[in-house]
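See below for the structure under consideration.
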Amino acid sequence: MGQSSLDHGVQGPVAGTGDFGPLKEATATGFISCAQAPRRARKRVEGTASSNVFSMFDQSQIQEFKEAFTIMDQNRDGFIDKEDLRDTFAALGRINVKNEELEAMVKEAPGPINFTVFLTMFGEKLKGTDPEETILHAFKVFDTEGKGFVKADFIKEKLMTQADRFSEEEVKQMFAAFPPDVCGNLDYRNLCYVITHGEEKD
């Protein structure tokens, strides 16, 4: 599998249009996909000794990462830089991200962040990642105020329209096991714990 076959043909929201609706939807897909990818790929990542990052993931996972990369590459130059990150956070509703935060993110990479570097960074992070931490991090993206919960209706919409789509029945089963509170909030910390440990916290 060559890199060139992965660098073309992925469509994303048009940069510079000011229409953040599609970008929000697509970015959410990327984060949800990232939460799912460790579940499916972690054993392969931990067990591989290959230096070829593309061997860590199957084709569908690479495509998901490519879609996330394309969304974040706001200026479509093939690299993710500080301004791309700032625009992505703005699309998610975080408009006051500090320069220092953005610089720290960019500095995690060994050089300019093209798709291969982006994929390598995910591969490295997945090697020692705690699945509970990974899932929590994905939920925290939507919990911008750090309250520990997200709106159940929002999660339902994402589960049924993005990535590996849930059916109505699957969503009902999930909410039967993890019912939202009277305000319609879902305690995602407890949900993540049960997913990864198989039982509720005491």
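Each residue, glycine too, has its Cβ placed from N, Cα and C.
Model, not experiment: these values are computed from the prediction.
According to Swiss-Prot:
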BINDING   Asp73, Asn75, Asp77, Asp84  Ca(2+) binding site
DOMAIN    60-95  domain 'EF-hand 1'
DOMAIN    130-165  domain 'EF-hand 2'
DOMAIN    166-201  domain 'EF-hand 3'
REGION    1-21  region 'Disordered'
Segment-level pLDDT (mean, integer) for the domain 'EF-hand 2' (130-165): 80
Select the most exposed residue of Asp73, Asp77, where exposure means the fewest other Cβ atoms within 10 Å, treating these as the binding-site residues. Asp77
Structural state of Asp73 (Ca(2+) binding site), classified by DSSP into three states: coil
CB within-chain contacts under 8 A for Asp84 (Ca(2+) binding site), separation at least 6: Met72, Asp73, Gln74, Asn75
According to DSSP, how is the domain 'EF-hand 3' (166-201) divided among helix, strand and coil residues? 20 helix, 3 strand, 13 coil
